[in-house]
Amino acid sequence: MARRRITIFGATGSIGENTVDLLTRQGGADAYDVVALSGGRNVARLAEQARALKADLAVTAYPECYDDLKAALAGSSVEAAAGTDALAEAADRPADWIMSAIVGAAGLPPGMRALKHGTTLALANKESLVTAGPLLLATAKAHGARILPVDSEHSAIFQALVGEEIDAVERIIITASGGAFRDWPLDALANATPEQASSHPNWDMGQRITVDSASMFNKALELIETKEYFGVDPARIEAVVHPESLIHALVGFRDGAIMAHVGPPDMRHAIGYALNWPDRRDLPVARLDLAQIGQLNFRPACEKRWPALRLAREVMQAGGLTGAAFNAAKEAALDAFLARRIGFTQMAEVVEDVLGRLSRDSTLTKSPLSLEKVLEVDHLAREAAAEAVSALAS
Ligand code: NAD
Ligand code: MG
């Protein structure tokens, strides 16, 4: 097979590091041509990765970090660049496989841009599908590009659907660990701190998605992601709490059969599947001993405990730009919670308030979906969220 050209957006994050780990195990610079790696303020680590993988280009998202990145790359052949335009330029560089692992709506523009070059986009950035699903899929289609899901649930669904017709699917069930507070009494949630919300019972992930797991906003995003990527009726998509996080998703077919995807909670499985697709290669994930595990548990995903799930249903029903508003409001609410301006349960209040305000006229559902419109709604939702936060914080 020809050497593949690889780019990683968000290389220094949790998904990015796991991707670098797999690439390194599969031969690193000897086996792949690494085109570009991007990161944020952690320029020392970005430079280290770029040197080790002999990347052509390293990009920090922040212009003020350019000098440090340049200094960290001194004496190497890696080019340094910074800022949004540099990320776009990196997305324009020809590559065969691109990992989209920036966190938040910031991951959308580079991924969208890369698709226009007909690449394969391994999509960890679920926000891209939540904010602009139909646009992302149409762009991929128009340019002969492919999107491979990396979120563990969606990789699981994708794998369960190999050789199947989507019309034969009756239901899709994604599992949720329940996050940090799944066993807390309901009335204690209001006082949960960012520290308490930042530890996950099963998965080791970036801080933002870990807090989103505790609030179930992560599962809310994933329900929408499922609808957008697989194109199924929202009524057929369910979430169930599964504390062990060993089954990642289940697909039920019209004949009553259910295919479950089972594996350890290690993102290197889903990343490695997307990296090696359509082949399978050995991956360094733990092998399950089912007799040792003994039992798997399930319970309903309670919308009273996790109002984010109810909001996700409303977003899926409304469609259009509602996902962009939902995601931006969620990101702003999360920032406010991490900054201790609002309480844990107030995040959902902020998001609901923003959705209410922005859906008063029909802008969210009637405007055609374009990247400009998505970014505009993102901006409006963050402004509305800032007002909602101020009202709650005063
Ligand atoms: P992370 O916070 O660990 O890493 C984020 C990466 O994006 C870093 O490289 C950071 O420098 C970069 N970044 C942050 N803000 C940026 C900005 N404004 N512009 C450009 N770059 C920026 O996040 P993560 O946990 O690796 O998650 C990455 C994405 O993958 C998210 O969309 C998340 O929902 C998704 N995801 C993560 C996991 C997981 O196990 N961590 C699982 C499934 C899906
Ligand atoms: Mg997931």
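Cβ atoms here come from the backbone N, Cα and C positions, even for glycine.
TrEMBL entries are annotated by machine, without manual review.
Annotated NADPH binding in TrEMBL involves Thr12, Gly13, Ser14, Ile15, Gly40, Arg41, Asn42, Asn125, Glu127 plus, out of the candidates Gly206, Gly231, Gly252, the residue Gly206. When Lys116, Lys126 are compared with the 1-deoxy-D-xylulose 5-phosphate site residues Ser152, Glu153, Ser177, His200, Ser213, Asn218, Lys219, Glu222 in TrEMBL, the one appearing in that site is Lys126.
Checked against ligand 2, the binding-site residues Thr12, Gly40, Asp151, His200 give Asp151 as the ones with a Cβ under 6 Å from it, listed in sequence order.
For Thr12 (NADPH binding site) paired with Glu222 (1-deoxy-D-xylulose 5-phosphate binding site), the C-alpha to C-alpha distance reads 23 Å. If you check the binding-site residues Ser14, Gly40, Asp151 against Lys126 (1-deoxy-D-xylulose 5-phosphate binding site), the ones with a Cα inside 10 Å of its Cα are Asp151. With helix defined as DSSP H, G or I and strand as E or B, the domain '1-deoxy-D-xylulose 5-phosphate reductoisomerase N-terminal' (6-133) counts 64 helix, 28 strand, 36 coil.
Look at Asn218 (1-deoxy-D-xylulose 5-phosphate binding site): DSSP puts it in a helix.
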